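K.L.:
Okay, handing you the structure first.
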Amino acid sequence: MERFVVTGGTRLIGEVAVPGAKNSVLKLMAASLLAPGRTVLTAVPDILDVTVMADVLTGLGATVSRHREWETPSGGGAAGGRLCIDMPEDAGGAADGDLVRRIRASVAVLGPLVARRGEARVALPGGDAIGSRALDIHVNGLTQLGAVVDVEDGVLVARTDGRLQGASIWLDFPSVGATENLVMAAVLAKGTTVIDNAAREPEIADLCAMLTAMGAQIGGAGSSTLVVDGVDGLSAVEHETVADRIVAGTYAVGALMTGGDVLIRGGRVEHLAIVLEKLVEAGAQVDVRGDGFRVAGSQRPRSIDVVTLPYPGFPTDLLPQVIALEAISSGTSLITENVFDSRFVFCRELHTLGADLRTDGHHVIVRQAARLTGTRVMASDVRAGAALVLAGLVADGVTEVTEVHHIDRGYAHFVEDLRALGADITRVRDRAVA
Ligand code: EPU
């Protein structure tokens with residue numbers, strides 16, 4: 001068991017390099033199943049979820065080698081290591097249930113496997129406890145492409161006789177995971193697939209860019225209508241992962257909360273347009289540079305209202321960090337969550353630190369707290385954990401954040417990078433009791 005010990009009162013000052021995005025690289029890894037040969041991914045973040053996804057692929061017959069040496073491009077790209085995936089002709093079979101339950105993103109192997117092998121067996125996935133997170137949109141879409149999908153003993157089984165068939169699919173909600181799964185299934189289907197009300201997240205555009213380099217025919221990448229003309233086969237390629245906008249946004253919020261000044265190298269302002277606009281409204285100074293952007297805060301932030309929505313709306317994955325920001329901002333703010341149904345679980349922990357907040361359905365009202373005071377709190381998911389660390393940076397005394405394996409799922413070198421920015425934070429390993 002590991003925890004982070006944070007002593008509040010320091011400002012974040014300096015530079016930080018943004019790695020490739022967790023929510024992109026995991027799908028790029030799944031896409032490697034679509035072609036035999038060597039896929040090389042760069043700007044790969046050194047995070048737990050990549051390790052688990054690599055194990056999922058290994059279980060499906062791939063050979064995965066990881067080169068963790070951190071490459072930080074000078075021109076503004078994302079930082080990270082390199083991952084080589086050697087995919088044999090006959091990769092496939094059943095994805096390991098224990099691994100799949102550890103990360104929800106592993107459901108992304110469903111589309112590629114059914115498209116390339118005609119059968120996919122994937123245990124019902126796990127991931128963060130932030131909502132009910134159904135899979136009906138994935139299943140409905142695959143069914144429209146001609147797959148028969150059943151649940152057998154807790155395992156989702158998708159089968160097709162022969163090739164999948166292109167179809168017109170309208171998503172009930174612009175689900176990120178369903179859009180990705182369906183694009184990856186459609187690239188090898190016979191004929192044309194149109195996916196309407198598709199999710200538009202930059203990570204999906206990144207996946208489409210890699211698939212296109214592999215030989216896929218995809219129109220409308222990054223828009224809400226994707227048109228995919230199926231091809232007979234794809235080739236493995238090398239691809240650089242897009243920068244992690246949520247990690248970049250987390251440091252931006254941290255800079256404002258601590259009255260700091262941070263150059264976020266590799267951060268893509270165009271992927272954070274609403275977020276940065278909101279932070280400016282809250283009092284941040286944001287300067288765009290060729291190799292990223294700089295965020296500085298000089299006074300107590302002002303309260304802002306925030307409503308989460310699918311991209312290009314305000315990202316749900318920055319909601320906990322913004323609630324932490326609101327806890328120390330002057331005034332009262334109304335925060336509305338529209339994507340997940342239990343993201344506010346973490347408010348209890350923030351309240352333990354002294355935050356003045358009240359939840360009601362999918363809203364939370366946050367009033368300025370007299371002060372936050374350090375104590376022991378628990379990370380319930382990756383973003384909640386990051387938000388508690390930010391709160392610890394501005395709390396009086398010492399904050400201990402437990403269950404940090406959640407944070408390790410999505411933030412590479414978090415402690416080291418925060419320390420380099422001046423934070424007083426250490427990782428402590430509890431000794432096992434015999
Ligand atoms: N939903 C359904 N049915 C479905 C699919 C989704 O009802 O078949 C619902 C979900 O229950 C949820 C909403 O739709 O309420 C959004 O789900 P979506 O499918 O868009 O999200 P996801 O693919 O499961 C990814 C990210 C999340 C991020 C969301 C939204 C990965 C691995 N995860 O999840 O990231 O919050 O998109 O942007 O890409 C995180 O990184 O902390 C994280 C949770």
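For all residues, glycine too, the Cβ spot is worked out from N, Cα and C.
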K.L.:
Please pick, from Val114, Val306, Val339, the residue that TrEMBL records in the UDP-N-acetyl-alpha-D-glucosamine site together with Arg104, Asp317.
P.N.:
Val339
K.L.:
From the Cα of Lys22 (phosphoenolpyruvate binding site) across to the Cα of Asp317 (UDP-N-acetyl-alpha-D-glucosamine binding site), what is the distance in angstrom?
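P.N.:
Rounded to a whole number, the Cα-Cα distance is 12 Å.
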K.L.:
If I take the alpha carbons of Asn23 (phosphoenolpyruvate binding site) and Val339 (UDP-N-acetyl-alpha-D-glucosamine binding site), what is the distance between them in whole Å?
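P.N.:
Roughly 16 Å, rounded to the nearest whole number.
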K.L.:
Round to the nearest Å and give the CA-to-CA distance linking Lys22 (phosphoenolpyruvate binding site) with Arg104 (UDP-N-acetyl-alpha-D-glucosamine binding site).
P.N.:
12
K.L.:
Please work out the number of neighbouring Cβ atoms within 10 Å of the Cβ of Lys22 (phosphoenolpyruvate binding site), leaving out its own Cβ.
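P.N.:
The answer is 28 other Cβ atoms.
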